């Protein structure tokens, strides 16, 4: 086992990465190794998808499957080894079908890629794990060095984050052939184990640029189906009655669950990255969408144990449900998996609803505590002139984009302290689950404009980018000249690709934490600092002083 893709990876003087029987996320060595095997199979599939496009062959089954299967290897998504192997077998079957299509056009069709003809050696998981050793990401570290390995992983993990957003968009009916062609090209190239530093750096920027387009079609999918989010108050306390909790990012799953629970007497609560769903008109119209439950994903083993109903996980993040003994009432959807947990293959939630009706639910309603969400792209753009007016009248000094992933590391209290230290004449724009560090606190307003503005999920960084570009255009300056600072927390691969997106768009002087990614060497961090001004957090006092005086 070698995995260094998330923030909680093991860090030692000898090197970074989980490499024992089990990773810090709870992923076993077996599952981790089989995910490496799956990635190799997907690289071979992409190699043939690139070749097929040369013949004008576009296979939509391949295009929809490839990013979805890659998504299953993202942190805290799928811990079920047999399902990972199932994805690998499906990748190979699709590859062979695509290969046959190519050969039907050109009998001499060939692909020069080491993954192009990969076959699984056995049905036995142990044998497959041994085969996977051939594809462990650091297998040639001694030959290429830590810097090349780190850049490869930056590209691989960034592309994995983009693949997750591609799947979210695909679920909502969004498809862009250019994006899929670019995805396959990059995925296939990474399967050749590239070792050129400049080429890898260029690839990382290409991934960021591609992901901006992915976030654009995801935004179109969400707003097209569920309307543009508008500011909405959400109760974060319990309401009496039977209940279901839904977590993850998939708004379509939430919509289907709301439709199917309507009139059943079962209330629905959002968790984690589902919180922004309350801002969408077509979702909040369901009166039994009663509130948001819990805090950051890392607290779920305590909070889910206390929730008196079933829980549905639609995407990341799931962690071991046996710890809180709620594994008999947590359900996985789509690419999510945990051994022994019931999985919903389709969009029928009747079994979950039946379980909710058999459980006690909340015995009484607590005193409501309301927070505000729903500052989507349209709302943010509508406030652009107000922001400019406040700045011109010196009522608004600075905007801090304070967002990203949450996690268990104690140093993450920095983000709470930073938010509460922001001066009263400054605004906080937040997104993703890092907001749970401070989103239940009171921040007041500036002439009626809330000082805490929740823009949505991690992918809604797109809205923040569009706002920044709009403000810059109206003020006749560059984005980096705005009174705007980005202070981002990271945990997994979606955050990595958001960072690459920002860097590829030329955004500079981003501050990140609580730690640097374990796969980025001091040399690589120095390169990113020199090219983009990217740096790690220090203390709240020092960072606040530097950012306000920038």
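In case you wondered, yes, glycine gets a Cβ from its N, Cα and C as well.
Under a cutoff of 8 A between CB atoms, and with a sequence separation of 6+ in the same chain, the neighbours of residue 6 ([2Fe-2S] cluster binding site) are 24, 25, 75, 76, 491, 492, 493. DSSP gives residue 6 ([2Fe-2S] cluster binding site) a coil state; it is part of no helix or strand. What Swiss-Prot lists as [2Fe-2S] cluster binding site is 3, 6, 18, 25.
If you look up Swiss-Prot, you'll see 249, 273, 317, 405, 433, 458, 492, 494 marked as hybrid [4Fe-2O-2S] cluster binding site.
Per Swiss-Prot, cysteine persulfide is recorded for 405. Listed in sequence order, 7, 432, 433, 434, 458, 489, 490, 491, 492, 494, 495 are the same-chain residues at least 6 apart in sequence whose CB falls under 8 Å from the CB of residue 405 (hybrid [4Fe-2O-2S] cluster binding site). In three-state terms derived from DSSP, residue 405 (hybrid [4Fe-2O-2S] cluster binding site) belongs to neither a helical nor a strand segment and is classed as coil.
In the three-state DSSP assignment, the secondary structure recorded for residue 494 (hybrid [4Fe-2O-2S] cluster binding site) is helix. Note on the binding-site residues 273, 492: the fewest other CB atoms within 10 A surround the CB of 492. The two recorded residues, residue 18 ([2Fe-2S] cluster binding site) and residue 273 (hybrid [4Fe-2O-2S] cluster binding site), have Cα atoms 26 Å apart. Rounded to the nearest whole angstrom, the C-alpha distance between residue 273 (hybrid [4Fe-2O-2S] cluster binding site) and residue 3 ([2Fe-2S] cluster binding site) is 25.
Counting neighbouring Cβ atoms within 10 Å of each of the binding-site residues (18, 317, 433), the lowest count belongs to 18. Listed in chain order, the extra residues whose Cβ falls within 8 Å of the Cβ center of the hybrid [4Fe-2O-2S] cluster site residues 249, 273, 317, 405, 433, 458, 492, 494 are 272, 297, 316, 432, 457, 491, 495.
All protein chains included, residue 458 (hybrid [4Fe-2O-2S] cluster binding site) registers 25 other Cβ atoms within 10 Å of its own Cβ. Classification of residue 317 (hybrid [4Fe-2O-2S] cluster binding site) by DSSP places it in coil, neither helical nor stranded.
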